[in-house]
Amino acid sequence: MAVSAPPTRTRPRPPRAPAGPFRAVPRRVRRLDAAGPLAHLLLAAVTAASVFPLYWSFVVASHDDNSVLAGTTPSLVPGGHLIENIQRVFELSAFWQALGNSFLVAGTTAVSNVLLSSLAGFAFAKLRFRGRDFLLGCVVVTLMVPTQLGVIPLYILVTDLGMYGKLSALIVPALVSAVGVFWMRQAVEENIPDELVEAARVDGAGLLRTYWHVVVPGVRTTATVLGLFTFMFAWNDYFWPLIALPPENGTVQIALNQLAAGYYTDYTLMLAGVVVSALPVLVAFTVLARRIVSGVMAGAVKG
Amino acid sequence: MAVQTRPLPTGRPGPPRPRRRPGRSPLPYLFVAPFFLLFAVFGAYPLLQTLWVSLHDWDRLAGQGEWVGLANFRRLLDDADFLTALFNTLSIFLLSTVPQLLAALAVAWLLDRHLRARTVWRALVLVPQYVSVVAVALVFSQLFGRDYGVVNGALQGLGLIDAPVDWTADTWSSHLAISFMVMWRWTGYNALIYLAAMQAVPRELYESAAIDGASRLLTFRKVTLPAIRPTLLFTVVISTIGGLQLFAEPFLFDQQGNAEGGAEHQFQTLTLMLYKYGFINNDAGYASAVSWVLFLVIAVVAAVNLVLARRPRRP
């Protein structure tokens, strides 16, 4: 497994450096490897399939109910009722409250994940303490534990702690994650030279100061990507909010699903809800697309 | 710091490491403590407690009841719904994971060449990953709708089917539709992971393969696949763990909200069953037994993956 035993991780090939000497050879070979028209066509089909369901939601959400349901082969052209349908979403359900809840939960967990993960990542990458490698191994193993299966005792525990129905039930268990610790350890190891940590120590900075003034600025890029992904996971999560919150005080995903419930499904309303709920994440990820792509890929080679 | 301000380009642990004396300061432990604390309380404890609950007659609201030993597990074996759910779980897992990873491999292969605007392609492939599972389920339940669904419309337009398919009604059609949702959401993400691994393959290997006159496909089989093997294994294990626990896709597919997985449980997965007994019927003991069986299923399938992957290891 690629993730096992990271401390002794040996890689048979030179790691990809973002720039520098490793690039010289590849570039020449790449030319031979240029993508032909067929490859472009296939990729176009793949990306069309990736985007189509979202485009389709947008199309349905922009029609009035009757016109979408008129024929068996619905139109692919957007209509003019998007704003109206979105207004109905907000009128018919507790969507504002759900949006607020989701922003709070996702925002808090994103910030705390970045801070706590980079703190642990700093310790694992740059500090020496007894049991470090063992503990790091434990972090990696927990990546593979299907904790969702403990949901019933988790529910009982959260209820006993008086957190049922409160946003803290969603926030507290998600304050820091194994993926985050693992990612940030890598980022610290690759971006912060030992010499810099040493220099800070020589200058009399304590560990916390070193963390704040040396480590945090040095891992900004990875931290951004981690923060966004944590936000997205919290925003998109469904299983746990369904269990830990009452339906009337839910998150966006709960409210979204309520749009679909009922004896008659109003697809224009439902898919307008999809558009509204997906928008914040899609915008953030589009703006930062370049970073996200390289973040996913950087995490992947090691992870 | 004066000598060298940049890290060596390797991420490999270099010989001389941090110079703080080991074990002196409690601070490093404090730094890593939040993760372990939270995992112990909200991850490990509930998972272990599930075993304890499964050995009792335990009502979710009333709390702990009598000790019943393995009775809940015995009841599972006699429960026809459980066997159906076990079958559904494995079937949907295979239908969604195998084509998904093969497709991801193909997409990565397409992306691993000289492309104009490569970040745009990569970003577009990743889009489904950002869409919530609820949104996916809602959109796809519309796309797979019997009367006005796009899928039926397209299939009828192409003359492949005579009458509209009621996708939720049958075992195979519902499994296919649910697998489609999973595939749509995860293929691009896995493709990017494969792409990253492929780009780490030394280009000289490709060069010498080209000199030897190997075709592109042969090069892919003989050079690329062996080189990205650890990554393949990683994605297989992770997809196994996720694919066997599917909840939201089947739960939201028919919009009944009852976790029955259709009139004949034709798409009730084990996680749906766990939810039904735990949170609708409030039979926490029985639901916990389902949990543990599912845990064992995941462990077994993951182990099989590992064994299969280890075997043909060449020097």
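Each Cβ is built from the backbone N, Cα and C atoms, and glycine gets one as well.
Here is what TrEMBL records for this protein:
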- B:1-22: region 'Disordered' (REGION)
- B:27-48: transmembrane segment (TRANSMEM)
- B:85-111: transmembrane segment (TRANSMEM)
- B:86-305: domain 'ABC transmembrane type-1' (DOMAIN)
- B:123-144: transmembrane segment (TRANSMEM)
- B:176-197: transmembrane segment (TRANSMEM)
- B:231-248: transmembrane segment (TRANSMEM)
- B:284-308: transmembrane segment (TRANSMEM)
With pairs closer than 6 in sequence left out, are the transmembrane segment (B:85-111) and the transmembrane segment (B:176-197) joined by 3 or more CB pairs under 8 Å?
yes
Quick test of the contact rule: Cβ under 8 Å, at least six residues beyond the ends. What residues does that give for the transmembrane segment (B:231-248)?
89-90, 92-93, 96-97, 100-101, 104, 133-134, 137, 178, 182, 186, 190, 193-194, 196-197, 225, 269-272, 275, 294, 297-298, 301-302, 305-306, 309
Who are the chain neighbours of the transmembrane segment (B:85-111) in space, where the CB to CB distance is under 8 Å and they lie at least 6 residues beyond its ends?
118, 121-122, 125, 171, 175-176, 178-180, 182-183, 186-195, 198, 220, 224, 232, 235-236, 239-240, 243-244, 246, 250, 261, 265-273, 293-294, 297, 301
